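What follows is a short report on a single structure.
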Ligand code: IVH
């Protein structure tokens, strides 16, 4: 270290004393000196981290340096150095674990709970693929492991990367951690593996390892884990792989992500190949050829459940043929070719002690049952959801009743039955006022929920909005959990979202708060700084507008790209509010058409109707909301969003399908077209690019001919799809 004179000076004790002066109290000379010192130090630690794989300081200490640099620059903007660390991107990730984007999204699974759900799933598949009733369909069946999914990337047979599922798009880098898991080989066995293969599966902890760990934790006064799954997650997501190594984690493969070559053309074949590469695959994996066989295997696995040495919560069925898998494709959430068949929930009896009311972000009052503690499926349960007033009425429960509760997987426990309805007890009544702000509670027509009418005067709603704002799918501010939000709100440190980004001005106050210290405050402020630039979709979602969920927010961002364009559309929408009253529009379709006619862009957003439009108008017409947004925009920068779209020759084309198609269903044809960026219209017009014509076509065909619109047959369409939209059909 001392070979570098700048560095030597940067860490000398004389200059260290400068680092204790808060940024706004530095003189200009001191600030110049400090900025130079920080630039040198940060460069040094970056080098150690990236080039020599030996970080010399913790993430927290590093983040504190980056933050201090930024704060000084904010106070002395003209002193910002050309080589300032704040101008470099790609320096060290400032969250606990580095984030990595998945090359192929890691999705979830659709759930079924009954034999009928499984039958329906098979019927849907047959219909979609247009299979005859006699055509055999094979599916694999295997246990659904209650663990933490992880994607292991092997290049030329060597493990190069391991990433947790995260939000499915971006996960956490746990490469060093999985290297200490015995089930995960550093190099693949044999020599037939593809050049690049991502093997996906579950990291889990055995029941025995879980109870040993909790035993050890309790002896050392450490944190106890609620169940093996949480323990596995906590053990894998460690900065220090030595801790992971002590936690005896296991791995079972159940699929793959990116792959350069397919070693097989069936799911079963693929899993055998993965096994031959040296990764564990469940012994209970079986290929079944009928619904009966599938259900039989489901029951066999269920019977084994108790004596298996790890937790499973159901089985997973997957269509065996890979070509069928790819035809079925994916919905936004899950593959259409797979289904998780969950085991029935575990049940227990206990006493209902009381009914609490929680106030949600939009004022919904949710009753929560307070229960005498009871263990269900290995987890201690003390509360359960009661959903709404109707549910309480249906169950006819009152504090004091004995109740039957159930818990299924991750689902919040529920009350299934009142076991003592005959006992003479006073009825419980839903409160007519909000328990927090005492405003009137109201129930809107057609809704089951009671809502507090206090709006933003209700502290509970404001806290919930803030909580939503910082949540993982919104601003994702690490380290700012509910308890912090509540206490900062109570002390007026954070009252509106913009206050979060002004928190750095209250650094000293924060450090002096109970439970906080320099390092934790620095970490929090660094996490906040990290989110000052936010993508439009996250921003829209974070505002917490009713009916604007993650998917709708993304749809808007995809269409409008930038905040200014979105905001202009809102302006237009507000000025149209009188002609958009839902009472003036007869059907949802007509309503949509009307908006689409007036507003550019709206037509391209799927599923946007009356509810969402009214909600946008209501939100942005409320002056308080508008000022919250304006205030926030002073503090943050909304990054424009350009979702990658596959370039396709069919992008923007309008296709009409007519007649009966033989090799595929209408639904599949429509999705094929949409995947290639085309729109599917119901009727032929001058805007139609071409018509795909099946058997016995009628008036649409004659109309196409009359308008000289190209017509192709089903075979030709399939060729175009195979060619990713290429082949000019227009000239033929
Ligand atoms: S297949 C596209 N097979 O369950 C996702 N998943 O509830 C395909 N899981 O995120 C996943 N056991 O992490 C598959 N045998 C199994 C599984 C399994 C557990 C997890 C997986 C997924 C979650 C969905």
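Including glycine, each Cβ sits where the backbone N, Cα and C put it.
Features as listed in TrEMBL:
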BINDING   59, 60, 61, 62, 63, 108, 109, 142, 165, 202, 318, 342  NAD(+) binding site
ACT_SITE  144  active site, N6-AMP-lysine intermediate
BINDING   434, 437, 458  Zn(2+) binding site
DOMAIN    645-714  domain 'BRCT'
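Shown on the structure are the features that TrEMBL records.
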residue	record	DSSP class
109	NAD(+) binding site	coil
144	active site, N6-AMP-lysine intermediate	strand
165	NAD(+) binding site	coil
318	NAD(+) binding site	strand
434	Zn(2+) binding site	coil
458	Zn(2+) binding site	coil
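Checked against ligand 1, the recorded positions 109, 144, 318, 434 give 109, 144 in sequence order as having a Cβ less than 6 Å away from one of its atoms. In the predicted model, the domain 'BRCT' (645-714) has a mean pLDDT of 86.
When the recorded positions 144, 434, 458 are ranked by how far their Cα is from the Cα of residue 318 (NAD(+) binding site), 144 comes first. Listed in sequence order, 359, 363, 434, 436, 437, 439, 452 are the same-chain residues six or more apart from residue 458 (Zn(2+) binding site) with CB atoms under 8 A from its CB. When the alpha carbons of residue 165 (NAD(+) binding site) and the residue listed as 'active site, N6-AMP-lysine intermediate' are compared, the span between them is 16 angstrom. Fewest other C-beta atoms within 10 Å: among the recorded positions 144, 165, 318, that description fits 165. Spacing of residue 109 (NAD(+) binding site) relative to residue 144 (active site, N6-AMP-lysine intermediate) is 10 Å (Cα to Cα, whole number). As a summary of secondary structure, the domain 'BRCT' (645-714) carries 19 helix, 17 strand, 34 coil according to DSSP.
Taking the mean position of the Cβ atoms of 434, 437, 458 as the Zn(2+) site, the remaining residues of that chain whose Cβ falls within 8 Å of it are 359, 363, 435, 436, 438, 439, 452, 454, 457, 459, 460, 461. Highest Cβ count within 10 Å among the binding-site residues 109, 434: 434.
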